[in-house]
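Enquirer: Structure below; questions to follow.
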Amino acid sequence: MTRFVLFISCFFLIGMIVECKDGYLMEYGGCKMSCLMKKGTFCAEECTRMKGKDGYCYAWLACYCYNMPDWVKIWNRATNKCGKRK
């Protein structure tokens, strides 16, 4: 029983340490990656190409990805630069 509790504790600890992020992929210029006129699997393929687990086209407008590595830039409302001049 003690080993089982130890195993579960380690499992949750690893889950907290290896935390990935979810969010919208960004295009050049800081805008969300559009999927309006793309094929149905476009977002899943793009997310996988960026080493994410999966993705989908949110409301047929932008690619949303799950479990993205920390090095991938994702769109953030607070730092949004889409359509703004430098």
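Including glycine, each Cβ sits where the backbone N, Cα and C put it.
Note that this is a predicted model, so its numbers are computed, not measured.
As annotated in Swiss-Prot:
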- Cys31-Cys82: disulfide bond (DISULFID)
- Cys35-Cys57: disulfide bond (DISULFID)
- Cys43-Cys63: disulfide bond (DISULFID)
- Cys47-Cys65: disulfide bond (DISULFID)
- 21-83: domain 'LCN-type CS-alpha/beta' (DOMAIN)
- Cys82: cysteine amide (MOD_RES)
- 1-20: signal peptide (SIGNAL)
Enquirer: Fewest neighbouring Cβ atoms within 10 Å: which of the disulfide-bonded residues Cys31, Cys43, Cys82?
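Expert: So among Cys31, Cys43, Cys82, the disulfide-bonded residues given, the one with the fewest Cβ atoms within 10 Å is Cys82.
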Enquirer: Between Cys35 (disulfide bond) and Cys43 (disulfide bond), find the distance joining the two CA atoms and give it rounded to the nearest Å.
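Expert: The separation of the Cα atoms works out to 7 Å.
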Enquirer: Whole-number Å only: compute the distance from the Cα of Cys31 (disulfide bond) to the Cα of Cys65 (disulfide bond).
Expert: 15
Enquirer: Check the DSSP secondary structure of Cys43 (disulfide bond), expressed as helix, strand or coil.
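Expert: Reduced to three states, the DSSP call for Cys43 (disulfide bond) is helix.
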Enquirer: Could you break down the residues of the domain 'LCN-type CS-alpha/beta' (21-83) into DSSP helix, strand and coil, giving a count for each?
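Expert: Helix (H, G, I), strand (E, B), coil: 11 helix, 21 strand, 31 coil.
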Enquirer: Measuring Cα to Cα, tell me the gap between Cys82 (disulfide bond) and Cys63 (disulfide bond) in whole angstrom.
Expert: 15
Enquirer: Are there any residues in the same chain, six or more apart in sequence, whose C-beta is under 8 angstroms from the C-beta of Cys47 (disulfide bond), and if so which?
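Expert: Residues satisfying the criterion: Leu25, Lys53, Asp54, Gly55, Cys63, Cys65, Tyr66, Met68.
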Enquirer: Give, as a single whole number between 0 and 100, the mean pLDDT over the domain 'LCN-type CS-alpha/beta' (21-83).
Expert: 94
Enquirer: Which one is it: of the disulfide-bonded residues Cys35, Cys63, which Cβ has the fewest other Cβ atoms within 10 Å in this structure?
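Expert: Cys35, out of the disulfide-bonded residues Cys35, Cys63, has the fewest neighbouring Cβ atoms within 10 Å.
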